[in-house]
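Feature annotation from Swiss-Prot assigns ATP binding site to 12, 13, 14, 15, 16, 17, 51, 112, 113, 114, 115. Look at Swiss-Prot and you will find 16, 51, 112 tagged as Mg(2+) binding site. Residues annotated as active site in Swiss-Prot, with sequence analysis given as evidence: 37. Residues or ranges marked as substrate binding site in Swiss-Prot (evidence: sequence analysis): 41.
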């Protein structure tokens, strides 16, 4: 298996934009990559404002929205609570099954979590339990502003304590007028966590196009560093199968 698990320090930080943009860029580079978000609350999968629809558009995958996200609910709550209130029972086994179904279509998947790693996810697991099952390297998406050093370092420490590999951090929503502080936060995160900040993705104001997002990802994210992970994972997987 190869790909990335995209998590964040909080909700509404930019995971979907990052996950979709990275998948879109890698697909342009010729990689057979899909996207997967097991559970979504706040919108049903078919809603164009929801994460599943945005992942589909940004990545350019042919997968249907309800296959990208097999479990979705309208109420904007933590997934476990939203599903419980809707009378739906979703287990870790269920979402792993759908993950494996997507792997029949793609060589690699970029998997988006929900909120942060400690979010109650299925009825029997947190987001981090799902990440541990997949054993994909993490990309941590974080805010660029005040408070992000603490949130990001804690997220990385939590991931490492559970045996997960953190490929890097992407600060999302960076504004030109704040770049001096953003750069200071970048340096501090790297010093305190030992994990590289691989990108400073700009703030997208108002409506934006797929092309604008992908071009920004190419310009502001170290795609080559992430490509090394994909290649190394593919090599390990190939060696293990022989």
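Start at 1 and count along the chain as shown; that gives each residue its number.
From the backbone N, Cα and C atoms, a Cβ is placed for every residue, glycine too.
Overlay of Swiss-Prot annotations on the structure.
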{"residue": "12", "record": "ATP binding site", "CB count, 10 Å": "11"}
{"residue": "14", "record": "ATP binding site", "CB count, 10 Å": "21"}
{"residue": "16", "record": "ATP binding site", "CB count, 10 Å": "23"}
{"residue": "37", "record": "active site", "CB count, 10 Å": "28"}
{"residue": "41", "record": "substrate binding site", "CB count, 10 Å": "25"}
{"residue": "51", "record": "ATP binding site", "CB count, 10 Å": "27"}
{"residue": "112", "record": "Mg(2+) binding site", "CB count, 10 Å": "28"}
{"residue": "113", "record": "ATP binding site", "CB count, 10 Å": "25"}
{"residue": "115", "record": "ATP binding site", "CB count, 10 Å": "20"}
What whole-number Å value do you get for the CA-CA distance of residue 16 (ATP binding site) and residue 112 (Mg(2+) binding site)?
7
Taking DSSP three-state, what's residue 112 (Mg(2+) binding site) in: helix, strand or coil?
strand
Measure between the Cα atoms of every pair in 12, 13, 14, 15, 16, 17, 51, 112, 113, 114, 115, the residues the record assigns to ATP, and report the largest value in Å, rounded to a whole number.
14
Where does residue 14 (ATP binding site) sit by DSSP, helix, strand or coil?
coil
Those binding-site residues of 12, 112, 113 having Cα within 10 angstroms of residue 37 (active site):
112, 113
Can you tell me the three-state DSSP label for residue 51 (ATP binding site)?
helix
Whole-number Å distance between the CA of residue 41 (substrate binding site) and the CA of residue 51 (ATP binding site)?
9
